[in-house]
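Have a look at the structure below, then the notes.
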Amino acid sequence: MPLLSLSLLLLLLQVPAGSAETAAWAVTPERLREWQDKGIFIIQSENLEKCIQASKSTLTLENCKPPNKYMLWKWVSNHRLFNIGGSGCLGLNVSSPEQPLSIYECDSTHVSLKWHCNKKTITGPLQYLVQVKQDNTLVASRKYLHKWVSYMSGGGGICDYLHKDLYTIKGNAHGTPCMFPFQYNQQWHHECTREGREDNLLWCATTSRYERDEKWGFCPDPTSTEVGCDAVWEKDLHSRICYQFNLLSSLSWSEAHSSCQMQGAALLSIADETEENFVRKHLGSEAVEVWMGLNQLDEDAGWQWSDRTPLNYLNWKPEINFEPFVEYHCGTFNAFMPKAWKSRDCESTLPYVCKKYLNPTDHGVVEKDAWKYYATHCEPGWNPHNRNCYKLQKEKKTWNEALQSCQSNNSVLTDITSLAEVEFLVTLLGDENASETWIGLSSHKIPVSFEWSNGSSVTFTNWHTLEPHIFPNRSQLCVSAEQSEGHWKVKNCEETLFYLCKKTGLVLSDTESGCQKGWERHGKFCYKIDTVLRSFDHASSGYYCPPALITITSRFEQAFITSLISSVVKTKDTYFWIALQDQNNTGEYTWKTAGQQLEPVKYTHWNTRQPRYSGGCVVMRGRSHPGRWEVRDCRHFKAMSLCKQPVENREKTKQEEGWPFHPCYLDWESEPGLASCFKVFHSEKVLMKRTWRQAEEFCEEFGAHLASFAHIEEENFVNELLHSKFNRTEERQFWIGFNKRNPLNAGSWEWSDGTPVVSSFLDNSYFGEDARNCAVYKANKTLLPSYCGSKREWICKIPRDVRPKVPPWYQYDAPWLFYQDAEYLFHISASEWSSFEFVCGWLRSDILTIHSAHEQEFIHSKIRALSKYGVNWWIGLREERASDEFRWRDGSPVIYQNWDKGKERSMGLNESQRCGFISSITGLWASEECSISMPSICKRKKVWVIEKKKDIPKQHGTCPKGWLYFDYKCLLLKIPEGPSDWKNWTSAQDFCVEEGGTLVAIENEVEQAFITMNLFGHTTNVWIGLQDDDYEKWLNGRPVSYSNWSPFDTKNIPNHNTTEVQKRIPLCGLLSNNPNFHFTGKWYFEDCREGYGFVCEKMQDASGHSINTSDMYPIPNTLEYGNRTYKIINANMTWYTALKTCLMHGAELASITDQYHQSFLTVILNRVGYAHWIGLFTEDNGLSFDWSDGTKSSFTFWKDDESSFLGDCVFADTSGRWSSTACESYLQGAICQVPTETRLSGRLELCSETSIPWIKFKSNCYSFSTVLESTSFEAAHEFCKKKGSNLLTIKDEAENSFLLEELLAFRSSVQMIWLNAQFDGDNETIKWFDGTPTDQSNWGIRKPEVYHFKPHLCVALRIPEGVWQLSSCQDKKGFICKMEADIHTVKKHPGKGPSHSVIPLTVALTLLVILAISTLSFCMYKHSHIIFGRLAQFRNPYYPSANFSTVHLEENILISDLEKNDQ
């Protein structure tokens, strides 16, 4: 039942007051089609071409334009016609039937509201028909016949939109249908509504007035196929199947079947004993009998499941006798009975169970490959069929003897896995004049479970009428197949029959199929799809489909065709002509074959309410009831065509003889029906754009030419080819071969490959512009003259039968497909997610990320074409930990999402890590355990260039004063001194442009570290050169090959909650300077209009001089950064030696506790060029690590997941990343750190024990015994009060560090704990419950806006990241109790006072930055006095208490002597 929001519809139709009937309102066929899909239509007089409009008193005929809401109608319950605008139903006063018709309350009793449509008439009671009087008013009459159609539907009638009952779920109406319309809250609803429900579920009343009767139920939600297991479903965690137990409903079998179908589900099927036990458990011990999907309603077949599950498991009630088994055709399940299945009268009313698959591709997928023809070679006496060989043994044997006989011939007793194999069996038995044969299906179990003797899964069953009929007390049951339709019967295994053996054959090449290239063979015929849309007259002429359109003679042929057309179906509006036509307008449809001969119809496959009318021609649907036949207008309707011709004894037409057989070579592209192949050479794939002549020469090196268009189909293909690669909004222009360069051609345009010019491709206005002699092609089917010397991208063309040459400079990359600045490689073979992560990484790419709807559409179209049937493909989404948020593996932000609603999460207790996938059928995303095997896609942002690149050595140059040297760049950090210096993103970019640069493009981890280390001591974030509308490309045009996106709050948009508002906000890249190491240096998107600092970049000026890296100034042994002093030790040493050496220098092996110092050391190590020992080690094989100087910190910087398990001692490599190795290993250096203060032990003696243990820190005691308790905020608060304590508060940074260190052990078990904070509405601030302000806070990227704070929200600490988060006070979380210590034993150690240190804020490390001037004189590079004080709101929760001081920068110790001189 289509559901439409009444409020939305009325809003669309509303016009300004006073002009409701007169205001112009544009209606397109698309809009009408949307309404019609929802059952809403406009009634038009076929003869008068006017439309029915309702008013308060009468109905009149008015001009259809402009339409309004009072013209909209809908069939509703009890055959009533409901007017949308008037909120009433069409009624007839039977006591005075000649008076004008009017609109009445839909539950009126004094008028008749029932109407029927009969072809094009509207008929009421006593055969009264809706007629029109001369004054255009509507009346009821028996005298005249007036015809009505649906406006703008191509002549369709209003009978096409009949109402279909919606059976309710749950509620109190026992499953009875919704009553439409029903009145609720003084409003008539013609559809289900969410009004009045907090859970937002759709519901309806089952009587006309809800307030009077209060009968209601939930609606079968058509969107539930996308939602998964919602509130009215229960999920089997193991099978990912949802079940709906409607135990309070009472419906017939067909009504129950309809109810399930409306939810994208089916009546219960039971595939095996495990599933039966699951259902039995949920039904309990009550003797309730429920409908399931088992039925024998197909008169020509036996018992089957309504969802096409193979029927090989059976558990019939043993006392079943033959008579009711024959009489009753629907199956029930009774959990109270061990033998739970029973047949019943299908009209009985019972409860029912629905079933749907969370992943529909797991079920019901027809093997398309089963219908593909494979030429096969077999031994003499064996019959070939699609890769297998069969032999009917005409010596009668029992089933077991037949099995042994086949095995002795290296074959098996045949299995049958598809309808295609059934057709072969029928043909073979017919040729052998045999009526029946044993097949390899048998059961040896109780309950009965049929299995194939070769061990293959039972994926298809084809039972005979009344089968499978189970013999009681029979331990072994065997199955035979009969000849007429290939149906199966259960037999006594001791009977003797012929038997069919099967074994693998030798598959021959496709050329031996007997069909031309592009045609598919089935039986003795070849078939082809002409994908060009044509009228029936053109399609059936014999020219495009020689010799004729297809005739279909059996269900097997129909199934083959249904499979064939699925490969080209793109939209629900895809149709295919077949040869069926009512040529004489008699209403009788016959086949129109070659020679205009009429052929009788032996088989039909009509769709619902078909054939609709006489005189039409027949199409086959491509989607939504695929393969079903429908009547369409022969002249005006356009469709593809299905062609058919015999394999042998055919005469080739002239067109067929010239048909190009060759596929395109390498990575050239074409489509069926085109004689040439094309290749687009665009700027991302070549080293440079070219002039027209250069482009033509480029094509000629392949043996090709610039593209020409021999006919419109070639232009259409090229146009679609461009659309498949580039954004439609891009104004790209490509050289093609169209030119008028030849002076002897009198200025006429010609194609460079000699193709005749068959159309005027250029507008007349362009003729005469003599200087523009070459044409470019735009992706909107436009050709423009251009100057031949301008440089463009280009398109080449080559005949199919010509193999392209391979120029020596060409780098072949065929498997990769380009789309919008990235390339994709589709791996069809299935494997685990981690395998593809490795493969993609090895190919210098990443597992697929999807960042826009266009990219989603591109991926979906490709995997749909590559998947033979419904297949899921891995994408790059993965949980870092079970139940964590999904993140792109390459670190890019998750901005665009296309989750199948409810399927991004595991619904059960399974803690396995999950990864994301995309469905080839729906294109929607869902998640699955990462160990499952699926195909996948690699994506590389660095596009492979097909031309071999000539290496041009880079040269270092100079930077202006005030800029920092990094590699070949100059960087300028602009840190505002106050709010007046803040700049928005656009202003920052303008400033950079004025300085000859752009906002920075961070190209690698070392550059990221260099910028981060220079932000130390400042409090502002900085803009970088990214925008959200193209965040895969830097502002300077380079692709984003390195990224450092924040895993939290990637989009940081305050005060805007709706997606619609967010779309209007420009978002730009910001680099965070939050001291919490989870956020330091991370990127996220911020409103471009906000003010921050920024970083500019430009290339060094190498025009004056350059310098060799050997001229770099050496790094000194002692370095100061922040309030720390580092010593670099250069010598071959083990970790133990490094530890002793540091002690000899009055230092310790370095401990790294935040991202700033990590970034500083990253820059140093990259400059030095080899790995160094640091002070981290483990004594428990990598389970936990400690710093050798006793520092406690949760900060880590591991290289990868495995790098912490390779040894007991840790080093930092040249990228700064940590790895463990054997402590006895020799490295070339170590990093020492000089202690700067007396360290304080945070853990003193335990507090005196009560009923729970306490840990003391400073003057407080803490109980961590309740961290794993899961309770609400109020319950946690009360628990602590009873223990004489309070719920946890965090008053300073040291306390925060202590707590997070203690909580580290719990991070895998609990995610969040409660904090004892509350929202002060008067001051709009967060306060601790004791009234003190929250000076120490850690909200991550930014503090939530005031509007987020609501009475029912509480504050929790998220343990893995150390950030605070708002959460419902009713959520279940762990907690910590805190109280003051009885005795304060903490002795305060005198700390050092403020000191001034020299640190290199602008350390230019890997900075092959060097200035070479002839004087080679030296100059000191000085910087002004800078304060490194951290403000309270930017405290680092993990950083040990430290004394930050004011420092001076003396000189950059990493720049070269020459560089110093140049400054």
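Glycine is treated like the rest: Cβ placed from N, Cα and C.
Taken verbatim from Swiss-Prot:
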SIGNAL    1-20  signal peptide
DOMAIN    38-115  domain 'Ricin B-type lectin'
CARBOHYD  N93  N-linked glycosylation site
DOMAIN    357-500  domain 'C-type lectin 2'
CARBOHYD  N454  N-linked glycosylation site
DOMAIN    504-641  domain 'C-type lectin 3'
DOMAIN    941-1095  domain 'C-type lectin 6'
CARBOHYD  N1057  N-linked glycosylation site
DOMAIN    1099-1230  domain 'C-type lectin 7'
TOPO_DOM  1422-1463  topological domain 'Cytoplasmic'
MOTIF     1436-1442  motif 'Endocytosis signal'
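According to DSSP, the secondary structure content of the domain 'C-type lectin 3' (504-641) in residues is 22 helix, 43 strand, 73 coil. When the alpha carbons of N454 (N-linked glycosylation site) and N93 (N-linked glycosylation site) are compared, the span between them is 72 angstrom.
N93 (N-linked glycosylation site) has a Cβ environment of 17 other Cβ atoms inside 10 Å.
In the three-state DSSP scheme, N454 (N-linked glycosylation site) falls into the coil class. DSSP places the residues of the domain 'Ricin B-type lectin' (38-115) in helix, strand and coil in these numbers: 6 helix, 32 strand, 40 coil.
As a whole-number mean, the pLDDT of the motif 'Endocytosis signal' (1436-1442) in this prediction is 31.
DSSP labels the residues of the domain 'C-type lectin 2' (357-500) in these numbers: 30 helix, 45 strand, 69 coil. For the domain 'C-type lectin 7' (1099-1230), the DSSP-based tally of helix, strand and coil residues reads 30 helix, 39 strand, 63 coil.
Around N454 (N-linked glycosylation site), a 10 Å sphere centred on its CB holds 15 further CB atoms from the protein chains shown.
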